[in-house]
Structure formats: C-alpha cells, structure tokens
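*Asks:* Got a structure here, written out as structure tokens. Questions coming.
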Amino acid sequence: DFVLVWETVLWELSRQQDKREKGDLLKTSATIHRTWRKKFLDKLHAAGIRMEKHMTRVEKKVVHYLLLSAPWSVLCYYAEELQLRVPLQALPRQTSNWSASVLQQLGIPNLMAQEVPNLPLDYYTCPFKANKLHWFLGSDEQDTFFSTTQRHQILYEILATTQYGHSREREVGVDQLLRENVFTAAFPLHEARHHCPPWSHPTTSPRPLSSPSPTPCLSLQGPYKLRPEELAAGSLSQRQVLFQYWASWGKWNKYQPLDHVRKYFGEKVAFYFAWLGFYTGWLLPAAVVGTVVFIAGIFLIFNDVPSQEICMSKEQYWMCPLCKTCPYWQLSKICSMFMAGRLFDHGGTIFFSIFMSLWAVLFLEFWKRTNASLAHHWDCSEFEDIEERPRPQFTAMAPMTIINPITGVEEPYFPKRSRLHRILAGSMVIIMMIAVVVMFVVSIILYRAVVAILLSNSGYFWFVASASRIASITGSVVNLIFILILSKIYISLAHFLTRWEMHRTQTKYEDAFTFKVFVFQFVTFYSSPIYIAFFKGKFVGYPGNYLSFLGVRNEECSPGGCFIELAQELLVIMVGKQIINNMQELAIPKLKCWWHKHKLLSTKKAGEEGESVLVEQAPWVMDHQLLVFEGLFDEYLEMVLQFGFITIFVAACPLAPLFALLNNWVEIRLDAQKFVCDYRRPVAERAEGIGIWFSILETITHLAIISNAFLIAFTSDFLPRMYYEYIHDSSLHGYVNFTLAYAPWGFVRQSNTTCRYKAFRDRDGNLTLTYWQLLAIRLGFIITFEHVVFFIGRVIAWLVPDIPEAVEVKVKRERYLAKEALAENKVGCGSS
C-alpha cells in the first residue's frame, strides 16, 4: 500500500552496532534521524501496520525500502474514521459528454469518441460503517473491497498523524520527516495488473523484518508501455489503459477517459484534467474568430488611407526627437511598423473584445454546469461542507478541540483570532514582496529609457533606427527571466506562511496558498503589459516641456504606437513562457529518468550473500526513481495566467486564443504523460471542483471587460478614427496630419527647426478642444461598453442554470432514497 525510503552510508551501518558510542554523537544529525525513524516505525508497528524491508546498495550508500500494508481490521477502522464511500448498489453507466449527444442527434459521426477498455462502474455509495458491512457490495472479498486509492488514503492518514516526538515542536507525521531528510521518499506504488505474493495480502500473517526477502512482485508496478502479447484490451492494467488511451500523442483529438483518471489518481487530479479539456474545447471557437479578425486586418491594410499617407509622405512630416540626444526623424520611416500595428488595431478589435468578454462569461457558466455534473457523478457534491476532514497536520498540531456544528463530531480546533493575526502578519510579508516586484518593474522602465538613449547615441544606423524597439524587446526578456527566478523564491515563502496559518482542511489550505501565490504572479506577469497598455506614452509632456521620472524622461510609445508594442509584449511573455514550460515539461522529466536509470546499472541488491541482482526487477525501486509529484498548483497557474492574457489584453492580439489552443493540445498530453510515466503515483485526494481557481477566473473575467474598454478607448486609434470620419472626412484623408501637432514656438526658436509630434495641442503646448471632445467620447465609450457587456453577461448567467436539470432531479431522488434508508435504520447514501 505504501513505501518508505531512506538512505544510510556504510560507516553509519557499522556504528549502529557500536554500543560504545560517546554521548556527543547523539547530537549528530544521523543519530537524531535514526532515533526519530525508530520511534516512528515502532508506532506504525503498534498501530498494526505490516512491514517488509528491502535494501539495495548504490555506490557508497545503502537504500532502505520499507513496504507497508494495512490489515483488514486497520482498514475498516480508518475507513469509518475517514468516512470513505464504498459501493452499495451498481448503477447503469452514464455518458457525460454533451457534444457526443448533440452529434448523435444530428447524425454526425463523432471523431472524438473512443472505446476505452475497463470502464469503471458507477455505484450508489455510502460512507463505510463496520457494523453495516453486509450491506455493501463485495464485502466478502476483503482483498478487493477497498480500492487501491482508498488503501493509499488510509495509509497516508496513519503516516501523516503518527508522532515521533513532541507535537508542539511539530515532530509529527511523515511530511515533516521528509522535510528533515529522515526519509528520502514516501509514496504508494503504481497499480498492479495481477495480485502479489501472499505476504502482501491483508488477510495473511505479516513477514518479520528479519525474514528473507520473497521474490519481488514484478507486476506490482507494471510497465506502462504495451508489449505485443498484451494488445488484448482485457489484459491491460489501469496504468497501461491510461497510457494507451490518454497519454498517447495519437489521442490528441479524443475525449479524455476522465472516469479512468479519477479511479487511478483521484477526484482532484481528474477535475484538473476535466477543466483543462473543457477550457481547450472552448478555445476552439475563440481561436477561429480571432484568426478571422486577424486575416481581416491583413486585407484592411491594403486599403487603409492613413497607412498609405504615412508610407507615401517621404519628407513631409519631420518628427521631433524621442530623447534629448536623439535626431529628428521622418514619419515615413515607420511605414512597416505602422502597417503591422494595423493588423491588430482596426474595427474588428471592438467586435472581438466584446466577443471574448461574452465568451469568458459563457465559458464559466457552462463550466459550473459541467462541474456540478461531474461532482454528482463522482459522488463529491457535499465533500467540502460535510465529508472533508481536518488535515492530518492540523489534527496533530491543533492546541484544542471543539464540536463541529455540522457533523456534531469533536474535532481539533485552532482559534480564529490567532489565525487572523497570523494571516495579517503573512499579508505584510506578501505586500513587501509585491513592492519588490513593483520596484523591479520601475527599474525595467528606466532600463528601457536608458538603453534607448545609449543605442541612439551609438552612431550605428540600424541601432539608431531601432533603438526603441530593441530596448522594448530586451526589457521584455529581462522581465521574463526575473519573473521565473523570483517566483521560485516566493512560492517557498508562501508554503511556509500557509502552513503557519494553521488552516483546518486541505481545501482551505490550498485555497489560501493559491491566493497568495496568484496575487504575486498576477503582479509579476501582468505589470509590464498593464504599463504598456495604460501608462506608457500617456504622461510624456511635449517638446520643450517633457516630463521626467528620477531624472529620466518618461518613455514614449515606439513610432508604431503602443498597440504593436503590447502585442509584442504578449507574444514574448505568453508564447515565450509557454514554449519554455513545454520544453521543461518534456525534456527535464526525461533527462532525470534517464539519469536514474543510468545509476541503476551499477546498483546491486544488498544481501548477505552479495547477490548480483539488478534492482530494476523491484517495482518499489523503479517507482522510487520516478519524479516526486508536487501538486497541481503549477499546472493550474500556467493555464489561469494564460486565460488572463487571452481575455484581459485580447484586443491587442486576436491571435492569442489560437496560440493558447495550440499550446493546450500539447499541454494535455504532456501533463498526462507526466502523471502516467514520469511521476510517482500521488495519494488520491477528493475534491468538489477546481477550488478557488474558479473565483480567480471570475475575477479575471470582470477585469477583462474593464481592461478591454480602456484599451480600446485610450490605447487604440479606433475612436480618434471614428471621430475624424464623423467630423471631418469619412474617407480618412488627412487623418495623419490631424493627429500630429506642431512643436511649440519656444522649442522651434531654441532648435531652429519645426517638427511634429503626436498629440492634440496648439502651438503654445495647450490641449485643444479636439482633445477634450475625444476624452468625453472615450469615457462615454468605456461606460457604454462596460454596462452593455456586464448586462449581457448577467442575462447569460440568469438564463444558464448552474446545475443541469437532470442533475437536480437525481439529487432530489437520492435525498428521497436517503430518507427511506434512514427510516429503515440504514446509512445516508449517494451515487458515484
């Protein structure tokens, strides 16, 4: 059921037998670790856990593998304590893919469907009660009554709550021992296809630690790749089914076997992949519309009058210098950059911004329905409110107990006032870290300004002509590197603070941790795009009266405009980060696994006779060489940040949903391969949904509506163009001259040169009536855009019920049956 691993060196083994050790050696780390380990294992043995020990020698170290299994009596006790749900009655299988039903009704072949063998059965389930054992299906088969994931949960509960020292000093649980390096690993094995030798069955007597090691159960882990003789579907293990029908690249266009994922990895992992698949499917219409809008921009370029005016202006418009030492420049030089900006900045931008805002609302509303259906199907609809138990670490370290007002059971308790004080203290640390990020963002802004000045003074024509663009690109790259480094530091700090806050349940713990890290990541990843979209080039002043910050002149937008800069920034951060992450997810696990296998070649079994047996035959050794599963946070964070980029700044880059769709097709299979091939098997965890991530997605959706309104109003040229068409010339002839102001008289007299700059000012540098009229139009557009989109979003939310009608009927039916069961002195039940 579980494996504990630790390492010793040869000299330590000899000292274990030395009875003349001096007192000062007890203070050494190795001695303390041995003491803790012995106390911990003695308590496990006293709790009835059965153990068998194996050793292998790796160079100068000896690796100890302790195989743990729980007897039937222990399983029953903890199953009732943990309220594990077990089958009461089989139910007919239910299909949950709405697209499959629609295609079937339309008579269209479903290319996404696939027949996956060993489909898990549906059951009507109840919390386990030992005195009602005869009510449950399979109660006469003690070996298979509890699923492997339930056995893992029971063993982990025992390991996580067993003390090896003083609870006040947090000397409790296997997690703390792992942090102290007393154990190097603790994990359940990947599932077997066949039963193991009799010693591992819970109904047989245990083997003593000193007894000879039996022949290893070779099928305990089992290879995930298929051999030719195993092609018959009935002979596949669960892991092989997942590899063949889920993690295979050839299944990129098929439905994910979510029921199989849930059975093997638990509800929490299954909900992540269900959400990721749902999100990827919804990206398809967004990507299609975005691509059409982009292609429309390509055709509009050729008939765009302002673009033609700029490209054909030659020496008509001499522009004022972009910095103190920069030269005057011709507007015609930015012809290509201006046309590139028109790819993203045209009338289709308005339509696509509204489309994506409503798309995000619809996506979340329909995910709520899908989440409710899956939660009911997987029997976890009331998990967080009723069934979820306190975290083992919380149970071990809580200073007092209290009666749970919902369940009426006495539970460990940590005072809310003390937790609030800790949360406030942690918030101060988070604010300080965010302040560091803001300081770095400011330094990036100054970096861009300084680099632009240095390149403009370099004397090289290409550097002078592209100074602003080079400064912007290199600033984006430096910002990305900083984000990746600082996030590693902050995540470790957030883990420490969240543990210190003493949250009762695992869901609340993870929600608190997620909120801390996401706030930080939001600031780090979105600060630069927000600066370019809403602040850059807005507070620069005018020739002869330029504004400065810390002695450096405020940054202006590049000659092509801030819109093209924002699109460039999105491509560097979003696409660049996705490429880096995918390369890491593909290459790093493979390289680590290769290195571990390379070390196995020199690994021998440590026995009295010095047998030369490769430990590749031992499944616990093979699983030990796999990577540690560190949770789903990084997977969720990557996708939620992506969701923010394709909604908050989508007006600047209509191709963002397409890049996200292509990335996610790869991401699903990469993540599936990591879970099946590269990770040790995680302990299955129950969940009711995707947790606080849904609230974060809702917040991002609201921010996206506001952001797109401001982006179109103040960064895009759409409204000035509409104003010019309505007031002056519907053909837009003369629009370029309309947007350019003449340098003030004082600047002209000082420099003896007349130049132009982009603004609505008169020859004295004062804002013109046109500026104030446009400002009123912009503010009116923001109010109208937000109210219309929010209103339509509210109507959609009202029209689309959170829970499908079919699920509501099933829930009411189950409540009725539960009342009947209570009347007959049975237990309350639910479907799974």
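A Cβ is built for glycine as well, from the same backbone N, Cα and C atoms used for every other residue.
TrEMBL feature annotations, pasted as is:
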DOMAIN    1-258  domain 'Anoctamin dimerisation'
DOMAIN    261-814  domain 'Anoctamin transmembrane'
TRANSMEM  269-302  transmembrane segment
TRANSMEM  347-367  transmembrane segment
TRANSMEM  423-450  transmembrane segment
TRANSMEM  470-491  transmembrane segment
TRANSMEM  512-534  transmembrane segment
TRANSMEM  639-662  transmembrane segment
TRANSMEM  690-712  transmembrane segment
TRANSMEM  732-748  transmembrane segment
TRANSMEM  769-792  transmembrane segment
*Asks:* If we skip the immediate neighbours and take only residues 6+ beyond the ends of the transmembrane segment (347-367), which ones have a Cβ under 8 Å from one of its Cβ atoms?
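*Replies:* For the transmembrane segment (347-367), the far contacts come to 275, 278-279, 282, 285-286, 289-290, 293, 296-297, 300, 643, 646-647, 650-651, 654, 657, 694, 697-698, 700-701, 704-705, 708-709, 711-712, 716, 718, 785, 788-789, 792-793, 796-797, 800, 802.
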*Asks:* Would you kindly check 423-450, 470-491, 639-662, 690-712, 769-792 and say which stretch has the most C-beta pairs under 8 angstroms to the transmembrane segment (512-534)?
*Replies:* 423-450
*Asks:* Given the transmembrane segment (269-302), which of the listed stretches 423-450, 470-491, 690-712 has the most Cβ pairs that are under 8 Å apart from it?
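*Replies:* Highest pair count goes to 690-712.
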*Asks:* Below 8 angstroms Cβ to Cβ, which residues of this chain, lying six or more residues outside the transmembrane segment (639-662), approach it?
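*Replies:* Contacts of the transmembrane segment (639-662) (Cβ under 8 Å, skipping residues fewer than 6 from its ends): 276, 279-280, 283-284, 286-287, 289-291, 293-294, 297, 344, 348-349, 352-353, 356-357, 360, 518, 521-522, 525-526, 529, 533, 563, 566-567, 570-571, 573-575, 578, 693, 696-697, 700-701, 703-704, 707-708, 711-712, 715-716.
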*Asks:* Is the transmembrane segment (690-712) packed against any residues at least 6 beyond its ends, judged by a Cβ distance under 8 Å, and which are they?
*Replies:* 271-272, 275, 349-350, 353, 356-357, 360-361, 364, 367-368, 371, 507, 510-511, 514-515, 518, 533-534, 636, 640, 643-644, 647-652, 718-719, 781-782, 785-786, 789-790, 793
*Asks:* Mind checking which residues reach the transmembrane segment (470-491)? Cβ under 8 Å, same chain, six or more beyond either end.
*Replies:* 433, 436-437, 440-441, 444-445, 447-449, 451-452, 455, 463, 517, 520-521, 524-525, 528, 558, 565, 568-569, 572-573, 576-577, 580
*Asks:* What is the pLDDT of the domain 'Anoctamin dimerisation' (1-258) when averaged and given as a whole number?
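*Replies:* Result for the domain 'Anoctamin dimerisation' (1-258): average pLDDT 75.
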